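Quick look at what TrEMBL annotates:
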type: DOMAIN; residues: 34-235; note: domain 'NfeD1b N-terminal'
type: DOMAIN; residues: 253-354; note: domain 'NfeD integral membrane'
type: DOMAIN; residues: 429-481; note: domain 'NfeD-like C-terminal'
type: SIGNAL; residues: 1-26; note: signal peptide
type: TRANSMEM; residues: 245-266; note: transmembrane segment
type: TRANSMEM; residues: 273-292; note: transmembrane segment
type: TRANSMEM; residues: 304-323; note: transmembrane segment
type: TRANSMEM; residues: 330-348; note: transmembrane segment
type: TRANSMEM; residues: 381-399; note: transmembrane segment
Amino acid sequence: MKSATFLPLLVCLSLLISLFVPQIQAETANYKGKVVIIPVGEEDLIARARFEFMSRTLERCTDEGAEAVIFDLDTPGGLLWDTVDLMMNDLQKLKPRSFAFVNKRALSAGAMIAVATDGIYIAPAGTAGAASPVYGGGQEMGDAERAKMNSATMGMARAVAKRKGHDPRVIEAMIDMSRELKIGDVLLDSKDSILTLDAEQAVMKLENGKPLFAKGIVDTLDEIKKAEGLKGETVIAEPTGFEVIAIWVTKYAAILILIGVAGGYLEMQAPGFGIPGFVSIAAFSLFFFGHYVAGSLVGQETAAAAAVFIIGIALLIIEIAIFPGLLIPGILGFVMIMAALVYTMSGWEMPVSPTLPGSPAESPDGTGFDINIYATGLRNFALGVLGAGILILAIFRFLPQTGPFQRLVLDSSIDQGEAKAPNTATVSIGDLGQTISALRPYGTAQFGERRIEAMVESGYLQSGTEVRIRDIQGPKIIVEPIA
């Protein structure tokens, strides 16, 4: 790589490091004696990285001696098994008192988190419930699968609710449509519906004087602090450093795939490590690192997925550079790359649904495979590859007329002094010549004593191929092989 291209790259890297390093190295405020607020918003319960962040935050609250933890809930739901782990492990180990504020919505997984806390409060317009497991892809559960999933989910939720002093009948009616909930003469939920409570219903009193679901209706977090006698300073828990990177990577994985695929393709057009290759490696490295930090994979699985990915890349290179047209290495390489990326995005404990999923790896028909497990990964992969294809076509269509792009794509040819900028005045349509480098689709061809930059519109041409100039479009010279 020339120093002229290396210097801007070094500047970009320095800027990125200056943005991330202070955040990664920053000391976070100690939680001792404080009331820690954990916001749970629209998309927080569908991202495993966010669950990892909440788990670490709860552990810190115990270790550092926080006064209390309040979940600020406004969520339509999320990943079931990650929610169960948070309920049955992290929240049960928590030493400070815990509360849930149903700030607008605590639906699905949000309702399950609420019953795992010591006390629940609800906003005047808040709603909570609708926690029946569903498949995120819209697939219907069979009767046996529904009964099995409801039974398992209710058993776990019931155990946690009892331990925290909540009425287990409420969470059962939120999960199972066949459950009826009646308080005195008031029928809150019939046997053909799933329970969702509004604020007035949530604070109804039971026969024993306890609230049905929530201890009170409040407008703000400060009202909860006052009601519970909490005196500590309020701090909002926010991800920092690598947690931010992990959340960003899992959320925008398709963009990283787009950048990685496009950069890799452009690099292969001009062999010799350059900016596109560096960008591609950086994008895929960030992809695997981010998912590892997010908790999608443990260390060994991250290494295995990355190894499968690298082998897939090697097979693609073999197909393109050594055995063009053989197809088998290319197809196998593509499948391995797709498998590595999709598996990494699906995680080691693979959910069925992004709203409130079913069992980790069992399909409704009992075969042990369910495409819903991989829905998010397949979607991100498809979007990334499609986006890369569009970007590559746009680059070859619009940018070859600019000098910087020609230097980027033909970096290796220019560095070796084998090609000069095309001078269309010295060649004409119909001229015969020979390629002196592979054209994928750009490369170098010789016409008489002149070496010029040329391209083939479809496929690629090996070095030494006899060619004819088919068209000249400004500085772009298009050639075709001589039959």
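Note that Cβ sites are derived from N, Cα and C of the backbone, with glycine treated the same way.
Among the recorded stretches 304-323, 330-348, 381-399, the one sharing the largest number of Cβ pairs closer than 8 Å with the transmembrane segment (245-266) is 381-399. Within the model, the domain 'NfeD1b N-terminal' (34-235) shows a mean pLDDT value of 91, rounded to a whole number. As a summary of secondary structure, the domain 'NfeD-like C-terminal' (429-481) carries 0 helix, 33 strand, 20 coil according to DSSP. Proximity of distant same-chain residues to the transmembrane segment (330-348), defined by a Cβ-Cβ separation under 8 Å and at least 6 residues beyond the stretch ends, is recorded for 48, 250, 253, 257, 287-288, 291, 295-298, 301-302, 305-306, 308-309, 311-316, 318-320, 373-374, 376-378, 380-381. Long-range Cβ contacts of the transmembrane segment (381-399) within its own chain (Cβ-Cβ under 8 Å, at least 6 residues beyond either end) map to 253-262, 265-266, 338, 341-342, 345, 405, 441.
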